[in-house]
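Below: the structure, in C-alpha cells.
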Amino acid sequence: MGCWGRNRGRLLCMLALTFMFMVLEVVVSRVTSSLAMLSDSFHMLSDVLALVVALVAERFARRTHATQKNTFGWIRAEVMGALVNAIFLTGLCFAILLEAIERFIEPHEMQQPLVVLGVGVAGLLVNVLGLCLFHHHSGFSQDSGHGHSHGGHGHGHGLPKGPRVKSTRPGSSDINVAPGEQGPDQEETNTLVANTSNSNGLKLDPADPENPRSGDTVEVQVNGNLVREPDHMELEEDRAGQLNMRGVFLHVLGDALGSVIVVVNALVFYFSWKGCSEGDFCVNPCFPDPCKAFVEIINSTHASVYEAGPCWVLYLDPTLCVVMVCILLYTTYPLLKESALILLQTVPKQIDIRNLIKELRNVEGVEEVHELHVWQLAGSRIIATAHIKCEDPTSYMEVAKTIKDVFHNHGIHATTIQPEFASVGSKSSVVPCELACRTQCALKQCCGTLPQAPSGKDAEKTPAVSISCLELSNNLEKKPRRTKAENIPAVVIEIKNMPNKQPESSL
C-alpha cells in the first residue's frame, strides 16, 4: 500500500499540473502563432494521457491476487501500460517530425516572443518538478523477492527477516520459522506474487476493503496450511518491473526537452531576429516572393529599405524539434522493445538457454530435459517450466533441489518441474517423453509442430538425442498398414482357430 500510495500521489500531482499547463499552452500558441508552443502543448496532452494510463495500470498492478479468470492477477498491467505509453510517444515523435518538415518548407515568424519565453520557462519548471518526482524510475535495479514451485512444492526468498511465521496446522505444534528458512513440516512460502488466501483457494487482496479478513493479520496458504503473518510484511518493491513508471518518466523528460526548445527558440528569436516595424518599408528575403523583380526595383529607387533577418533564426525551431525527436526515439525504443518482448514471452536476454539446458542435463540423476520454456512475467520475475526425466522416483526430491539451484544460478526463481521416470529395464539410447500428447492436439500445443524423428537406417547413424512428446506420438502411429488382400487371410485363420469365439479384426 505504501508503494502504491507514493506513486499514486506523484501521478495525481503531476496530472493536475500537466493538464492545467496544457490548456495554457494551447491558448498562448494560438495568440502568438507559435508552432513550437503548439507542438509542446500536444506533447503535454500526451503526458496527460500517459499519466492516466499509468494511474490505471498502477492500480491494477497492485491486484496481484489470483482469480478464476486471471491466475497471475493484474501483475502485467504495468507492462501493458508501458507499451501503450511507448507507442503513443513514438507516434507523437513522428507527428512532431512532420510539423518540423513543414516548417522547413514554409518558415513562420514568431509573434510576441517574450510571452512565449515566459510560458516556456514556467513549463520547464513544471517538468523539472516532474523529473524530481519520477527520477528514481529512470533506470532498473534487481529485485530480490522470488518464489518457486517444484512438482507441487513451493518456497520463497527475499522476505524481510524480522517477522516470524506461525504454523496453524491441525495436529502439529507451533513452529516459528523465519522467512527464507524451512521447518520440519513446512515448505517455504511461494512469494512470486504476494497473496492472501480464502477457504476456496482463491487469493484475496489484503488492501481490498471488501476483504473481510483484512485487519492486523492476514492468512497465507503454505502447502495447504493456513499461516498468519502481519500486514506489514510486504515484498521489496520490484523496481525492475517499473516499466510503466519509466514510461511516465520518459514522457516528462520529453516534455522538458520541448520546454527547453521553446525557451531557446524564444531567446534566440528575441535577440537575433530583426523584424519589420510598422510604417517602414521592409522586405523579408527569408520567404519566397513572387514579386522579386518588383522588390529589386523598389530597392533601387528607395534609399531606406529595411530587410528582416537573419533567415537562419526561422530554421532554428524546426532544427531543434528534429533533435528532440531523435532524443525521444532513442530513449523510447528500449522501453518499447522490452515491454513488447515481455508480452511476447520471449526468453529474457540475460538467460543463456543453451547453457541452462546443458547444466540441467549434467545434473546427476537426470536422463533428459525437454519441453523447457523460460519467459518473463514482469520485471525480474522470470518463470521456467520443464519436463525432467529421472532414473529413480525415490531420489527425485534431491534431484529437484539440485535443479532448483541451477535455475537459481541463472536468475530464474519461479520454476515448475514435471517429473518423468524411466521405465524399469529401459536401456534405449533414445529417451522419449513419457507423457506423449495425442496427435490431434499437436497444433494446439505451445510449440506447434516439430520435425519428424529419423527412422530406419538414418536412425542408426544418428546419435542419441532427446525426442519430444509430439515426435513420439507421431512415430507410434506410423505403423505399416495392411492392404485389403492381406487382411482377408488373417481373418480366415482366426475363424478356423477359434470357432467358438467372435472373430477379431485388427482393423
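Positions of Cβ are set from backbone N, Cα and C atoms, glycine also.
If you look up Swiss-Prot, you'll see 1-10 (among others) marked as topological domain 'Cytoplasmic', on the strength of a curator's inference. When pLDDT is averaged over the topological domain 'Cytoplasmic' (1-10), the result is 62.
Taken residue by residue, the topological domain 'Extracellular' (32-35) breaks down under DSSP into 2 helix, 0 strand, 2 coil. Taken from Swiss-Prot, the feature topological domain 'Extracellular' covers 32-35 (among others).
Here Swiss-Prot flags 57-78 (among others) as topological domain 'Cytoplasmic'.
Sequence-distant contacts of the topological domain 'Extracellular' (100-113) (same chain, at least 6 residues past either end, Cβ-Cβ under 8 Å): 31-35, 265-267, 269-270, 273, 275, 284, 286-287, 308, 311, 314-315, 317-319, 321-322, 325. Sequence annotations record features per position, and here Swiss-Prot assigns topological domain 'Extracellular' to 100-113 (among others) based on a curator's inference.
Among the features that Swiss-Prot reports, topological domain 'Cytoplasmic' is placed at 135-248 (among others), with the record citing a curator's inference.
Among the features that Swiss-Prot reports, region 'Disordered' is placed at 142-217.
Annotation comment: Swiss-Prot describes 146-158 as region '6 X 2 AA approximate repeats of H-G'.
Among the features that Swiss-Prot reports, topological domain 'Extracellular' is placed at 270-308 (among others), with the record citing a curator's inference.
Swiss-Prot lists Asn299 with the feature N-linked glycosylation site.
The topological domain 'Cytoplasmic' feature in Swiss-Prot is assigned to 330-507 (among others); the stated evidence is a curator's inference.
The DSSP breakdown of the topological domain 'Extracellular' (100-113), given as helix, strand and coil counts, is 7 helix, 0 strand, 7 coil. Within the chain carrying the topological domain 'Extracellular' (32-35), a Cβ under 8 angstroms from the stretch's Cβ atoms is held by residues 99, 103, 108, 110-113, 115-116, 262, 317, all 6 or more beyond its ends. Under DSSP, residues within the topological domain 'Cytoplasmic' (57-78) fall into helix, strand and coil as 7 helix, 0 strand, 15 coil.
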